[in-house]
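Visitor: Feature table excerpt (TrEMBL):
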- 195-621: domain 'Anoctamin transmembrane' (DOMAIN)
- 212-232: transmembrane segment (TRANSMEM)
- 238-256: transmembrane segment (TRANSMEM)
- 309-332: transmembrane segment (TRANSMEM)
- 352-372: transmembrane segment (TRANSMEM)
- 395-416: transmembrane segment (TRANSMEM)
- 496-519: transmembrane segment (TRANSMEM)
- 586-608: transmembrane segment (TRANSMEM)
Amino acid sequence: LLESWSSLDTVESNFRPLVVIELAKGTKEETIEWLTKRIVDKKANGGAQLLIKPLVTENGVENIYLVGASHLRLLLGAESVGLVKECSDNSMRTFTYSSRKTFKHFADDNHNFLTMAECQYIIKHELENLRAKDEKMIPGYPQAKLYPGKSIVRRLLTSGILVQIFPLHDREELKKLSHSWYGRVKVGYQPLDDVRCYFGETIALYFGFLEYFTFALIPMAVIGIPYYVFAWEDYDKYVLFATFNLLWSTVILEVWKRICAILTYRWGTLLMKRQFEEPRPGFHGVLGINPVTGREEPVYSSIKRQLRIYLVSLPFVCLCLYFSLYVMMIYFDLEQWALDYHKENESNFSSLMLYVPSIIYAVVIEIMNRIYRYAAEFLTSWENHRLESSYQNHLILKVLVFNFLNCFASLFYIAFVLFDMKLLRQSLATLLITSQILNQFAESLLPYWLQKRYNRRMKKRTYSKKTDTDLSLAEQVNMEKDMGTYLGTFDDYLELFLQFGYVSLFSCVYPLAAVFAVLNNITEIYSDALKMCRVYKRPFAEPTANIGVWQLAFETMSVISVVTNCILIGMSPQVDALFPDSKMDLVLTVALVEHLLLAIKFIMAFVIPDKPRDIQMKLAKLEFESLEALKQQVRAFQMQL
């Protein structure tokens, strides 16, 4: 491997641009020279050993640079990031350059062995691992301090010298993917393997979960329609529906773990070793020594962080929750006003007015959720978390708690304080449908329309008669650099999480919730696919083995749904009639049933394996082989001694 690195040339005749680096206008020449030198320098000298060229346009050289790599460099990079590829014997193994001939479809002249997304991920990894050696600052910018081991790219970003880094689209491949993914309306599965090859595992796994969740909702929707049609006011018949819902919510989440394992094993990410996490770009502190790596890096007191969390963030979140409840009480005042108005007038207009408070409240909920999201991001960033995973966990916790209370508090209040099942059904339907329409508009239709309008303006100005696939490289880069940046799957999973709450928490009151969820998700698949291909810049691929903390969030929601549905069943007149003398017996019986159902739920979760048996066997076989190889290395070393 050392020979391969040393023989690696930094010049390749067939330069293939993969990643774009945009520097701020007016960036000093000495900074550009230093950065490009560090990018092309050999690994032994602390460089990335990549290829870089300036983008030449009609106006000359702008502060935009194209980064690529030779085929050999990408193969060595695949080994350093721990990519897992399929071998000739159909097993999945971590790629090593020395054993490259044993991998399926590998050939020295086959430049498609690594997908474009994998190549771009390797380049991103190498750029992010460009570290300062003995530099004390970025040349030309004395205020941009450096220290040994500091990520150069992260310092350039935080200093505003580097505007953005993004991977280029492959116009031909994107056109093919668009056609097979959303270009035609069809009944069938999404091309998840193609999505994974183009966008990476994180995005492919989200679309896999969205598709699976949509199919999983179909039984609930099919059963819910006759309940809605034939037993609209008879809540007693919903006992069976609620019981089915409890089992359904457990089974679908456990089966998803198995499907997730199948997908990620096939894609190789189930076997990828977790890399040591570097400090996140926004982390700051006094320069110190990391006790694990021994490297110099910023150090920030965990006590200070805890004080910020508990003395500032927590009170702020509580204040926001109180404000959310205050808005909810205003909504109930509006509901009462609409009801009084309808009683006085008894007209078609007054009947429509009954739905107006719920629609207004649903819009206010969406606005509050979005404003709170910005506040939560600011607070979590201010808390100064060292690792990106810690930052994400604290952000998700803040957002989930507020969104849960904001979206569901009114439904809990109607169900368990007002005991008004008719109003509960009306509010649930209005909140669900209004939130779905608003999300579709805000997340997909509006960005698509704005981007299409911008593209039309750009084409008229420069290349009116060309199609997307005929654009020159300079025109393509200039168009893509101004496209919106995809901020990750957070909002998409959050939308599904809230939808899962609407369907599972009070489904026995409004069985049509699953029907509307299915219809929404079908359009969501197409609109999200359109958004990824046409609205946003191509995101970097991110390997992942599961949906992360969202799995726990969905499982928590399913536990809460057991409690709410049991209480709703206990409140039904049929069950209430069984205990005419003692309400305490009713409460105890409902609590006992709820505990039994929770016990069944956890037993099912334990009994259903997270990974199919064949994948368990393959993983065990790989572990055995790696242990045997390690033993042989130890024996060989002992014999040399």
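From the backbone N, Cα and C atoms, a Cβ is placed for every residue, glycine too.
So where do these features actually land, and what's packed around them?
Guide: Away from its own ends, the transmembrane segment (309-332) comes close to residues 357-358, 360-361, 364, 368, 372, 375-376, 379-380, 382-383, 394, 398, 401-402, 405-406, 409-410, 413 of its chain (Cβ-Cβ under 8 Å, at least six residues beyond either end).
If one looks beyond the transmembrane segment (352-372) by at least 6 residues along the same chain, the residues whose Cβ comes under 8 Å of a Cβ in the stretch are 320, 324, 327-328, 331, 334-335, 337-339, 341-342, 399, 402-403, 406-407, 410, 426-427, 430-431, 434-435, 438-439, 442.
A Cβ distance under 8 Å defines the sequence-distant neighbours of the transmembrane segment (496-519), meaning residues of its chain 6+ beyond its ends; these are 209-210, 213-214, 217-218, 220-221, 223-225, 227-228, 235, 238-239, 241-242, 245, 249, 400, 403-404, 407-408, 411, 415, 421, 424-425, 428-429, 431-433, 435-436, 550, 553-554, 557-558, 560-561, 564-565, 568-569.
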Visitor: Same-chain Cβ contacts of the transmembrane segment (238-256) under 8 Å, 6 or more residues past its ends?
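Guide: For the transmembrane segment (238-256), the nonlocal Cβ contacts are 209, 212-213, 216, 219-220, 223-224, 227, 231, 500, 504, 507-509, 511, 551, 554-555, 558, 561-562, 565-566, 568-569, 572, 574-575, 597, 600-601, 604-605, 608, 610.
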